[in-house]
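Participant: Before I ask anything, here is the structure I am working with.
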Amino acid sequence: GFVVGHAGLYQALAMFAVAYFIIGMTVLSVCAIATNGALDAGGAYYMISRALGPEFGGSIGIMFFLANVCGSALYVLGLVEAVVDSFGIPPGQEAGTGVHVLPQSYWYELLYGTVLLALCLLVCLVGASIYAKATFLIFLIVAAVLGTILVSFFATRPLKVPIRLPNSNGTETDNGFFTGFSLNTLRDNLGGEYGVDYTTGQMMSFSSVFAVMFNGCTGIMAGSNMSGDLKRPSYSIPRGTISAVLFTYLVYNLLAFLMCATCNRILLQKDYGFLRDISIFPPLVTVGIYAATLSAAMSNLIGASRILYALARDDLFGRALALAKKTSASGNPVMAVILSWLVVQVVLFSGKLNTIASVVTIFFLLVYATVNLACLALEWASAPNFRPTFRYFTWHTCLLGIAGCCVMMFLISPVSASASLGFLLLLLLALHYLSPSSTWGYISQALIFHQVRKYLLMLDVRKDHVKFWRPQMLLMVQNPRGSARLIDFVNDLKKSGLYVLGHVELQDLDMLPSDPLQSQQDSWLSLVDKLNVKAFVSLTLAPSVRHGVRQLLFTSGLGGMRPNTLVLGFYDDEAPQDGLARHPAFTSAREEVPLGFPPLRAPTTPKLLSAREYVGIVADALKMLRNVLLARQLESLDKAWELRRAASPPPTIHVWPVNLLRPDSARYADTCSLFLLQMACVLNMARAWRRARLRLFLCVEAGTMPHAQEEKLRQLLKDLRIQAQIQLVPWDAITRLHWQTCQRPPGGPAEEEEEEEGVVNFPTNTTQVSDEYVCAANKLVLEQSPAPAVRFLYLPRPPADTSLYPLYLHQLELLTRGLGPTVLVHGVSAVTSTQL
């Protein structure tokens, strides 16, 4: 009567259609989730938390708990309104007559509400079985009342209904009319005519009427809220919920039509209890109203208690809800019921039904939107284990349900909707940072997998362009204890590219009962989390380190995301230091340092890798067209100190883009030099290194027009948009040492090999570069002051003759001895572009 009295038949039918469209879409989602596995206590909360994870589940669980609490208070207030309407002393009279004996005031109505709520509490404390019996009895009563009302519309003769309403001057008397079926009455009631709600004194509108009406439709979750008490929830919830929705939709529409065709607008707007006046048996209508509202109040109270119990049992809020875990001997969560009752009692202080109707409606709409979101996420994730037996839904129905809920929330009350979403967001953030991790499975992981797979398929390596090149690193780590700072340094070098930590375990799977790498995977992933690096982990078994690195170079990555750069620690005789214990990530949690990794190799223990095998790995990578970086003494790089010191000038990065081991082929614009320059620039672009300055060293000889070379190099840097200071370094004395010891006749085969295909090689003249020359080159690099944070040097190719591998490594060791953090770089791919 309230709805059609203010909104008229057309708008009332539209309200029912909109409300049941939203409800219908949500019911389809509820049925889909309910039939996709075993349900436990908590209903919608259980569905959402197991689908969307603890953050969404916990925050929506609290919102749903509040919705049910407020809903229970709403129905209790509605029942109080009905009781006072029937038995209250009329306004303006000091003493009642006949059945009108109950005093009316705010505090008296609060007392009546408290008594009625206590009755609901007693039923819910006894348990779900007595609640089920009570609600079934109430269902029979309401069905009988509904039958008599439908008969009354046809059987009752036209009559005048006197209406007495309180106002500022005392009471106001008006007359409403029951006309029987009349075309004129129907015509008058077709359109909307919003007036003042006599219970609150507020002017009604479409949104406020819809908010009150929607509360009559929120019982769709009553069955799912009892999921923990049902014998076969996946069987009962779909059948019970769908049949209830269809039945109530038909009843509401039928009642709306009958009321509009038989009652004038004054009667509908100013007497919400008019059905008693027109009934063939008025007391039965009173009993039906009491039964319906009492049933709804109990349903919401027991639903709230089950949600609170489920939240407490999942430990999402820690000790805050520990009390709600306690149950009776029969398993009834009595403490959750009592706590829910207390919260409902607090809400009863609001006093009027229509005051809290909009808040309750928005909470329910938010929960329904999230149920649809959960089903949508499960459907979009396309997980093989999402195969509900209820198939009458698609992602379209979920999306429509979400859109409908969101639109109606903001139509009802933009302020309340915004406040509810803000509250939800706060709960989400709090649970994200404070709640313990769960074992329920995270739908976000399934959705990310689905999207990543789709986009990886779209990442076509044939469309790669040098303009969009980025380093994709494979860092080989023997033991993370001795490589913590190197791992952190390479993380700065990756420039949003792929970063893989590779490790080779020297074992034979044929001789093992199971794969030993499975147990190590968690330790490596925990390391990545602790060091806060954006890296993947790739472990392999192999008979030798060289074979293992080959495997990882061939197989690491996926599609267009494959490593293009191999990073190795330097091969020397220095004793490894445990940098993990000194790393800032572990200084406050020393007990977690081990992470399952073995202790470092003792200095007297033989290495797992020979010098020849180490150089062979470098040669293999270059054959596979991978760039190579060799990092020496990176564990001595204290990045935090280097980059945060307040001293001026700022820290520097020294770049030597010339092949110091080949003074006879010194060039600055070959592929390797440009790659080295690019890597130094990439490091300088990292957030932590932006304060550092690049210093580029140009080695010049007398009589070679150094200023022309400098200008040419400066123009190259300008074209590449690289900001660096160029410093000229005379090295006549160094090159003189080389030519004095050079034994190769001019025009020999080595000279031809050196320029083959424009690649600077490291051919057999390995033997012709003396230790004296290499030490002099090392001294030249070391003398350049101030000392940099890190140096980038040119890495020559390994010699073609494998017997020269040890000598090659020896000369690299001499070249970088005592230089501090140094990165030797050899690039095989074009990585710089001057194009737009």
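Glycine is treated like the rest: Cβ placed from N, Cα and C.
The following feature annotations were taken from TrEMBL:
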- 1-474: domain 'Amino acid permease/ SLC12A' (DOMAIN)
- 485-573: domain 'SLC12A transporter C-terminal' (DOMAIN)
- 12-35: transmembrane segment (TRANSMEM)
- 56-77: transmembrane segment (TRANSMEM)
- 110-131: transmembrane segment (TRANSMEM)
- 136-155: transmembrane segment (TRANSMEM)
- 203-223: transmembrane segment (TRANSMEM)
- 244-267: transmembrane segment (TRANSMEM)
- 287-312: transmembrane segment (TRANSMEM)
- 333-350: transmembrane segment (TRANSMEM)
- 356-380: transmembrane segment (TRANSMEM)
- 392-412: transmembrane segment (TRANSMEM)
- 418-435: transmembrane segment (TRANSMEM)
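Mind mapping these onto the model and telling me what they sit next to?
Facilitator: Summarising model confidence by region, the domain 'Amino acid permease/ SLC12A' (1-474) averages a pLDDT of 82.
The helix, strand and coil residue counts that DSSP assigns across the domain 'SLC12A transporter C-terminal' (485-573) are 38 helix, 22 strand, 29 coil.
Taking Cβ pairs closer than 8 Å, the transmembrane segment (12-35) reaches residues 3-4, 44, 47, 51, 206, 209-210, 213-214, 217, 220-221, 224, 227, 233-234, 237-238, 241-242, 245, 249, 252-253, 256, 260, 365, 368, 371-372, 374-376, 378, 388-393, 397-398, 400-401, 404-405, 408 in its own chain, all 6 or more past its ends.
Only residues 6 or more beyond the boundaries of the transmembrane segment (56-77), in the same chain, are considered here, and those with a CB under 8 A from a CB of the stretch are 42-46, 48-50, 113, 116-117, 120, 215, 218, 221, 225, 293-294, 296-298, 300-301, 303-304, 307-308, 310-311, 314, 316-317, 340, 343-344, 347-348, 350-353, 356-357, 359-360, 363-364, 366-367, 370, 374, 420, 423-424, 427-428, 431, 435.
Residues 181, 251, 254-255, 258, 262, 275, 278-281, 284-285, 287-289, 291-292, 294-295 of the same chain sit 6 or more residues outside the transmembrane segment (136-155) yet have a Cβ under 8 Å from a Cβ within it.
Same-chain residues lying 6 or more positions outside the transmembrane segment (203-223) and placing a CB less than 8 Å from one of its CB atoms are 2-3, 6-7, 11-12, 15-16, 18-20, 23, 26-27, 30, 43-44, 64, 67, 71, 74, 192, 194-197, 230, 236-237, 240-241, 244-245, 248, 252, 296, 299, 303, 353-354, 357-358, 360-361, 364-365, 367, 408, 411-413.
Within the chain carrying the transmembrane segment (244-267), a Cβ under 8 angstroms from the stretch's Cβ atoms is held by residues 1, 3-5, 8-9, 12-13, 16, 20, 23-24, 27, 146, 149-150, 153, 161, 163, 174-182, 185-186, 188-190, 193, 216-217, 219-220, 223, 274, 278, all 6 or more beyond its ends.
Listed by sequence, the residues of this chain that lie at least six past the ends of the transmembrane segment (333-350) yet keep a Cβ under 8 A from its Cβ atoms are 41, 65, 68-70, 72-73, 76-77, 110, 113-114, 117, 120-121, 124-125, 301-302, 304-306, 308-309, 312, 323-327, 356.
Residues 22-23, 25-26, 28-30, 32-33, 36, 44, 47-48, 51-52, 56, 60, 63-64, 66-67, 70-71, 73-74, 77, 207-208, 210-212, 214-215, 218, 221, 347, 350, 386, 393-395, 398-399, 401-402, 405-406, 408-409, 412-413, 416-417, 420-421, 424, 443, 446-447, 450 of the same chain, all 6+ positions outside the transmembrane segment (356-380), place their C-beta atoms under 8 angstroms from a C-beta of that stretch.
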